[in-house]
Amino acid sequence: MDLPTPNKLVEEEDDDSMLNNKKLGGIKTMPFILANEICDRFASSGFHSNMITYLTQELNMPLVQASNTLTNFGGTASFTPLIGALIADSFAGRFWTITVGSIIYELGLVSITLSAVLPSLRPPPCPTQQNCQEASTFQLWILYISLLLTSLGTGGIRPCVVTFAADQFGSDKVITGRSKKWNFFNWYYFSMGLATLTALTVVVYVQENVGWGWGLGIPTIAMILSIIAFVIGSPLYKKIEPGGSPLIRLAQVIVAAFKKRKETAPENPRLLYQNKELDAAISLHGRLVHTDQYKWLDKAAVVTESESVSSNPPNLWRLVTVHRVEELKTIIRMLPIWAAGILLVTSSSHLHSFVIQQARTMDRHLSKSFEIPPASLSIFGILTTLSGLVLYERLFVPLARRFTGHPSGVTCLQRMGIGFVINIVATIVSSFIEIKRKSVAAHHNLLDDPKAIVPISVFWLVPQFCVHGIAEVFMSVGHLEFLYDQSPESMRSTAAALYWTAISMGNYIGTLLVSLVHKYTGENSNWLPDRNLNRGKLEYYYWLVSGIQVLNLIYYIICAYLYTYKPLEEVTEEEEEDGEFNGKKISEKGVELTVNETA
């Protein structure tokens, strides 16, 4: 009887591994993965949305100190995703980064819940809010540690969950160039909005009417359940191995190109250095092919007479592959589009401040005995986003597909552009509503009474929330989809972290813009007065934001027009088994160029 050779055994093991890998991932993993992200969003929304009340009412912190505390840790939570993404892409992988990040987040929630339950971890109650005993140094440290743990945990969850979930579908553009990930991104954003809506209604109600022990305990319990669900689904996941630090690879390209700055790149890009084995771990779904942009970076892949390519790998600080050069080119091309999304967040940052102040001066009665809380108006924006995502999926995409022929109806860049236009409309609507509110106040001689209730319904503010919600459907989802699809395969967690960084920077710029407007518009006719909004010029601020958005739209159109989509050489399974590569270079525009190579 013939015994199998060792090589044959290895081949059989590889075949079994490939067969098992095909069975992993897919739609069956979504309940486990999205449960983690939904509970994270539910917990974070329920935890942060009313935290200013907890700090001022339960810990007796002064308003300014409480506000600064939340702002500082909120900024930390927006930048830690960059750290988590680099850890995931470099060595830990997305599964373990999500798992560890969730555990750290849970520790933060447990700490803050204990401070709400145990009397020794908070100062004595102060119902009058006068001459209150503030929290001790020890009690404040419990708070700071809790906020820090949640910020660090967020850094491991946010940049990895969406990319890890999208990875479960693999690459389905090998033949047709079609992709189903657009469907996933719509429903991902829908799930996050639903979780936020639930937290803003249920959790906030419990905090205000039942107690902070249960109000913080419910998000804590939800996070525990999410960790259990995510870990249980582990045998079903398709886990892509990390390809090493992306920042080091980008640095190697820059250093190698600088060292060879005097070299001349060959006319034929096929003469540049390529090494499929070296790039295998960072190009599972296809290698990036050479593009003519930023050709000075091609010098990093020039093979000189003094260099030997027989060594595997070569000195990557002097010689890198075309795929790695194109990774850097891809990031450079993405940054202008990414930056355009920052001002969208800037223009929307007023919703939770100025609009709430407007609402406090308006008639909020739903009945003789019940008034809608000003902060609850944000529910209308979330409901519009949720319903808009469903309509986008069921109506807009099929209709647009008839005209464009694109499987997603429109490209992610076109989707973002539509979102920019709608957002400009939203801020213009805001200005007209403020003009209407002040005209009613003037008609009833209420302009000089900052505490007066203007006889105009608060539901006049609903349209601007709804239009902003529609803008979210197009811009925010399109932005996230763009960053995922167009980023290098091995840097997708980092690209998702850029999404959160754009949100953080947009909020900071919004704060800077408001501060400058308040400082330089004078004391007598200040656009944004400290006390009496009726004597302000809030509509001027909205016009200013609209003008900035128009300039930003022009900038975006130019960037989108000049943008070069990421081309890939993708290999079919049959060709991979035969060792012959007759792949297709496919871009997001659906353009296919046949490329013949011997593997």
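Placed from the backbone N, Cα and C atoms, the Cβ positions cover glycine too.
Going by TrEMBL, these are the annotated features:
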TRANSMEM  70-88  transmembrane segment
TRANSMEM  95-121  transmembrane segment
TRANSMEM  141-166  transmembrane segment
TRANSMEM  187-206  transmembrane segment
TRANSMEM  212-232  transmembrane segment
TRANSMEM  375-392  transmembrane segment
TRANSMEM  413-433  transmembrane segment
TRANSMEM  453-475  transmembrane segment
TRANSMEM  496-520  transmembrane segment
TRANSMEM  540-563  transmembrane segment
Output the single range from 141-166, 187-206, 212-232, 413-433, 496-520 maximising the number of Cβ pairs under 8 Å to the transmembrane segment (375-392). 187-206
May I ask you to check whether the transmembrane segment (453-475) and the transmembrane segment (413-433) make contact, with contact taken as at least three Cβ pairs under 8 Å and only pairs 6 or more apart in sequence counted? yes
Counting CB pairs under 8 Å, which listed stretch among 95-121, 141-166, 187-206, 413-433, 496-520 touches the transmembrane segment (212-232) the most? 95-121
Suppose I define contact as three or more CB-CB distances under 8 A, residues 6 or more apart in sequence; do the transmembrane segment (141-166) and the transmembrane segment (496-520) meet it? yes
I'm a bit unsure how to read this: which one of 95-121, 413-433, 496-520 has the highest number of Cβ pairs shorter than 8 Å with the transmembrane segment (540-563)? 413-433
